[in-house]
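The feature domain 'tRNA(Ile)-lysidine/2-thiocytidine synthase N-terminal' is assigned by TrEMBL to 28-205. The ATP binding site annotation in TrEMBL covers Ser33, Gly34, Gly35, Pro36, Asp37, Ser38. Residues or ranges marked as domain 'tRNA(Ile)-lysidine synthase substrate-binding' in TrEMBL: 251-317.
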Amino acid sequence: MARRALGPATLAAVRAVESSLDPSDGCLLVACSGGPDSLALARAVVTVGARRTLPIAAVVVDHGLQQFSADRATETATTLTTLGFGDVTVRTVTVRSTGAGPEADARLARYRALDEAAATRDATLLLGHTRDDQAETVLLGLARGSGTRSLAGMALRSGPGARRLRPFLALPRSVTEQVCRENDLVWWSDPYNTDPGYARVRVRQTVLPTLERELGPGIAEALARTAVLARDDADLLDALAAEADPGTSTLACQVVEGLPPALGRRLLGRWLRLEHGAPDLNAGHLYAVEALVTDWHGQAGVDLPGGLRVRRTDGRLELVRPDR
Ligand SMILES: Nc1ncnc2c1ncn2[C@@H]1O[C@H](COP(=O)(O)OP(=O)(O)OP(=O)(O)O)[C@@H](O)[C@H]1O
């Protein structure tokens, strides 16, 4: 790539990546869809890799769900090579139906491929989520009636081994598009990103602009700040719930009853996750299990995904498999 002075948006993007890195980060692997956010991320990573003499790589996932998706993945890979990435891989995945919906199924397959690519290189996986994505996530959580963990949105670092990194979480989406313009990068617009059939798209196209208009500017920034504050609160409550956890395979209702509701509910969630082993429990499951403690009138039990049931016997909660 020809050397030229970095534009203001590119400088802001480079700074965002640099300030998000830890000394333990080695190879920087960019997950690039060909959209403006991850292309801007790739551009910033080229500069950061050169400045810090860190190896850089990029991975493009082809979900195979849209016509010409393979061509688009190849075009994106070519753009990345032109940008200065020597190591670019296209990973074609098979999206299997889990019953959670096509979007969730695609995400599952994508993250599996991305995490694998990162593990193979012992790399940090960089994702292009922006402040606007974070604001949308917080609003969607709020609308679902979720608690602080959900309002905490996406974490700067997450995933297996905390390998996933989102350096642009505090950067507005408008900056990423400006980065692409400053560097003559042509991005691909995913038709799903404008399909009002998706709640996230309606939040992006209608809800957030309406809030900006009616309540004043800075809503996305405020929601992103809410995420940071909610994360701190949720982390503290989770730590307190871990301290209160007796670590037994059955859980005495008395232990839960003795705690404030915010902690008791968390302890139940923790016990279910650790015993149940899967993160696919929703708030409805949790409230129903909580009622076995706080509103006990001899209920039969609560059915959970995976053929499990929680029942209360002699003042203790236990997990059983009624079909075995
Ligand atoms: N097909 C893909 N291949 C590789 N990485 C992806 C792919 N799809 C998404 N990602 C990664 O996940 C991030 C968030 O994805 P999401 O679908 O929310 O946004 P997007 O519309 O693809 O955004 P972007 O403008 O970054 O491409 C992207 O910025 C990118 O880092």
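Just so you know, glycine gets a Cβ as well, placed from its N, Cα and C.
Overlay of TrEMBL annotations on the structure.
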residue	record	Cβ contacts under 8 Å, 6 or more apart
Ser33	ATP binding site	Val60, Val61, Thr76, Gly128, Trp188, Asp190
Gly34	ATP binding site	Val60, Arg72, Ala73, Glu75, Thr76, Thr79, Trp187, Trp188
Gly35	ATP binding site	Gly128, Trp187, Trp188, Ser189, Asp190, Asn193
Pro36	ATP binding site	Arg173, Thr176, Glu177, Val179, Cys180, Leu185, Trp187
Asp37	ATP binding site	Gly128, His129, Thr130, Asp133, Phe168, Arg173, Thr176
Ser38	ATP binding site	Val30, Ala31, Cys32, Leu127, Gly128
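Shown in sequence order, Cys32, Leu39, Ala40, Leu41, Gly128, Thr176, Trp187, Trp188 are the same-chain residues outside Ser33, Gly34, Gly35, Pro36, Asp37, Ser38 whose Cβ sits within 8 Å of the Cβ centre of the ATP site. Secondary structure counts, DSSP: the domain 'tRNA(Ile)-lysidine synthase substrate-binding' (251-317) has 33 helix, 13 strand, 21 coil. Across the domain 'tRNA(Ile)-lysidine/2-thiocytidine synthase N-terminal' (28-205), mean pLDDT in this model comes to 94. Reduced to three states, the DSSP call for Gly34 (ATP binding site) is coil.
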